[in-house]
Amino acid sequence: MKQRGVTVWLTGLSGAGKSTITEALQAKLIAEGYSIEVLDGDIVRTNLTKGLGFSKEDRDENIRRIGFVSNLLTRHGVIVLVSAISPYREIREEVRGKIGNFVEVFVNAPLSVCEDRDVKGLYKRARAGEIKSFTGIDDPYEPPFNPEVECRTDLETLEESVAKVWNKLTELGYIHQAVAV
């Protein structure tokens, strides 16, 4: 199947549901025969961006590197799913401009919901002062102004969130089958 490459960039707070949506979308795309790659922020940090810290400069460099790899894959017709907090609007826009075929998905859940979902205990540690510069606690998260898709994971099911992304990819001509929301 001939497909157009695109980077689907899922951004949001830790615990908002980025990885969950990415995994479900990945399974659906593979089942439909699409060539895809996933760049998960946690995995990228232990490999591609090892050694970077959590200063604004290091976070921006982390996103630039993810964007660079995404751009290479996208140019070769791959659907790239990026799941990364990517807290700063300016660097997300920079990466969007370089990649071109880019769909921003704002995975939106209130901080209180993300803290309730805190399976890794990161928010608890950040509130206790054990983790500094934690996004949403003592470092800002800048929501996108105009994402192509917004998934309110506190108000909708996983299936509804996946359908929103799927339908947007269909509408933009990256995939060829819509799913009812």
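Cβ coordinates are placed from backbone N, Cα and C, and glycine is handled just like the others.
According to Swiss-Prot:
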BINDING   Gly12, Leu13, Ser14, Gly15, Ala16, Gly17, Lys18, Ser19  ATP binding site
ACT_SITE  Ser86  active site, phosphoserine intermediate
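Taking the features listed in Swiss-Prot, we show where each one sits on the structure.
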residue	record	CB count, 10 Å
Gly12	ATP binding site	29
Leu13	ATP binding site	25
Ser14	ATP binding site	25
Gly15	ATP binding site	24
Ala16	ATP binding site	27
Gly17	ATP binding site	25
Lys18	ATP binding site	28
Ser19	ATP binding site	20
Ser86	active site, phosphoserine intermediate	27
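For the pair Gly17 (ATP binding site) and Ser86 (active site, phosphoserine intermediate), the Cα-Cα distance reads 14 Å. Here the C-alpha separation of Lys18 (ATP binding site) and Ser86 (active site, phosphoserine intermediate) works out to 11 Å. In this structure the C-alpha atoms belonging to Gly15 (ATP binding site) and the residue listed as 'active site, phosphoserine intermediate' are separated by 13 Å. Under the DSSP three-state reduction, Ser86 (active site, phosphoserine intermediate) is assigned to coil, being neither helix nor strand. Among the binding-site residues Gly12, Leu13, Ala16, Ser19, the ones whose Cα is located within 10 Å of the Cα of the residue listed as 'active site, phosphoserine intermediate' are Gly12, Leu13. Same-chain residues with CB within 8 A of the center of the Gly12, Leu13, Ser14, Gly15, Ala16, Gly17, Lys18, Ser19 CB atoms, the ATP site residues themselves not counted, are Ile85, Val107, Ala109, Cys114, Thr153. In the three-state DSSP reading, Lys18 (ATP binding site) counts as helix.
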